Amino acid sequence: MMSCIRRVWAGAGAPDRPIRIREHPRAWEIPRLPRRFRGNQRPEIVLRTTPSKHLRPVVWAVEAAGPGGAWDRLDGGDGTESSKAGPCSYAVGEYRTVEQEGERSQDRRVDVAVAAAVTVVLGVGNRVLYKLALVPLKHYPFFLAQLATFGYVIVYFSVLYLRYRAGIVTDEMLSMPKAPFLAVGLLEALGAATGMAAGAILSGASIPVLSQTFLVWQILLSIIFLGRRYKVNQLLGCCFVAIGVIITVASGSSAGHSLKEAGIFWSLLMIVSFLFQAADTVLKEVIFLDARQQLKGSSVDLFVVNSFGSAFQAIFICLLLPFLSKLWGIPFGQLPNYLKDGAACFLNVGTLSNGCDGAPLLPLLFVVVNMGFNISLLHLLKISSAVVSSLASTFSVPISVYVFTLPLPYLGVAASLPTGFVSGTIILVIGLLIYAWTPSVYPTSASPSPPNV
């Protein structure tokens, strides 16, 4: 156990000689700690030892403090000088064995893998049920979009209220600054508006090709705003995934010809739409990271982010309704009657219910699964990153293509597989494996042995 030194200093006032952590009857030398942190980030530095004859391998977690930041006292205290650290300082937290550190890392990987699998399943269900929901509402797709947008606000805030009453959501979470949530709502509304505008002109085969720019935007924005650095295998894996999706979905279609016919403007507008969507996901990741500092290590509840983000999105959608209704070919003056007729078809009542077979069951199933998909996607983003959540969502595309070849109810004749489905799927899976592959994080055989004193 550590007996003498509980704190390690680095910075302008730190000595240049090696820092010594003592443990009877040995003293192990550790080189001076680097001073690499910036802004409000508090990276963790891990000090490792190798196993000796009488001692298990130990890992000390060392956390960097920002300028003038105060430390939570390790062994109690009243905020005196002994429990605070000055600029450019480091403090040694609790120690963990190498085995414990490996178990924590393994548990986290399992959590991410399970969350990614759930996201993929719900992503497939979301795509399939959207197609099925449009069978009864084939004349009212704009009504379905608004039902989802405004229905989510009611559901999310209802769940948020219940979680607040249960003590899961705290007053500190609700008092977080609302400006980031307003930006989330604006980005989601702009992404929907530009996507609808471009989607009305572009063909269905060309949109999946352009959608691969979403992953590119996420990587670039993560590098710029999160300071994230990706390994070569991760970038290569993302490229393979994008190529695999393009081959899977667009093979045998006239995607290239459709892009040429539509013109460069609409293609660029669709790419801008995916930029807004990628910025939205990266901003949510920033919100989760900032919340850990604002809430002193705690994480903000998912429904706080979903509820306020959806509320601001609904406000901006209302402001954009004249523009959006025109994109769907609905004069703004006729929008109330259109929504009324769409509600009658959704409820499958009245004289307009002819041709609305499957309602309201199929649209409700889509709304429920879509909501679950959004929650699982946000949960995956919270415990991993925006790029990982994007890869999980992308993996659902070829599975959905295959599901549409099955004899599904209400859809009539099943679709045929694209000519490059198998080869594209193989490339996509290889890309995911390349992205996920990482060398061992905690090698012990190459660690230098502590010197004898």
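Heads up, the Cβ atoms here are built off N, Cα and C, so glycines get one too.
The transmembrane segment annotation in TrEMBL covers 112-130 (among others). Sequence-distant contacts of the transmembrane segment (112-130), counting only residues of its own chain at least 6 positions beyond either end whose CB sits under 8 Å from a CB of the stretch, comprise 362, 365-366, 369-370, 372-373, 376-377, 379-380, 383-384, 388-389, 391-393, 395-397, 399-400, 403-404, 408.
The feature transmembrane segment is assigned by TrEMBL to 142-162 (among others). Outside the transmembrane segment (142-162) by six or more residues, the chain places 133-134, 169, 192, 301, 303-304, 306-307, 310-311, 313-314, 317, 324-325, 328, 330, 338-339, 342-343, 345-346, 363, 366-367, 370-371, 374 with a CB less than 8 A from a CB of the stretch.
According to TrEMBL, the transmembrane segment annotation covers 182-203 (among others).
As annotated by TrEMBL, transmembrane segment applies to 209-227 (among others).
Here TrEMBL flags 234-252 (among others) as transmembrane segment.
The feature transmembrane segment is assigned by TrEMBL to 264-283 (among others).
When Cβ-Cβ distances below 8 Å are used as the criterion, the transmembrane segment (303-324) is approached by residues 142, 146, 149-150, 152-153, 156-157, 159-160, 163, 169, 173-174, 176, 178, 181-182, 184-186, 188-190, 192-193, 196, 284, 287-288, 332, 335, 374-375, 378 of the same chain, each at least six residues removed from its ends. Positions annotated as transmembrane segment by TrEMBL: 303-324 (among others).
Marked as transmembrane segment by TrEMBL: 361-381 (among others).
Sequence-distant contacts of the transmembrane segment (386-404), counting only residues of its own chain at least 6 positions beyond either end whose CB sits under 8 Å from a CB of the stretch, comprise 112, 116, 119-121, 123-124, 126-128, 131, 208, 214-215, 218-219, 221-222, 230, 234, 238, 241-242, 244-245, 248-249, 278, 281-282, 284-285, 377-378, 380, 411, 414-415, 417-418, 421, 424-425, 428, 432, 435. As annotated by TrEMBL, transmembrane segment applies to 386-404 (among others).
The transmembrane segment annotation in TrEMBL covers 410-437 (among others). Long-range contacts of the transmembrane segment (410-437) within its own chain (CB-CB distance under 8 A, at least 6 residues past either end) are made by residues 131-132, 135, 233-234, 236-253, 357-358, 362, 391, 394-395, 398, 401-402, 404.
Contact counts against the transmembrane segment (182-203), taken as Cβ pairs under 8 Å, peak for 264-283 among the stretches 209-227, 234-252, 264-283, 361-381. Residues 180, 183-184, 187-188, 190-191, 194-195, 197-199, 201-202, 206-207, 210-211, 213-215, 217-218, 221-222, 225-226, 381, 386, 389-390 of the same chain lie 6 or more positions beyond the ends of the transmembrane segment (264-283) yet place their CB under 8 Å from a CB of it.
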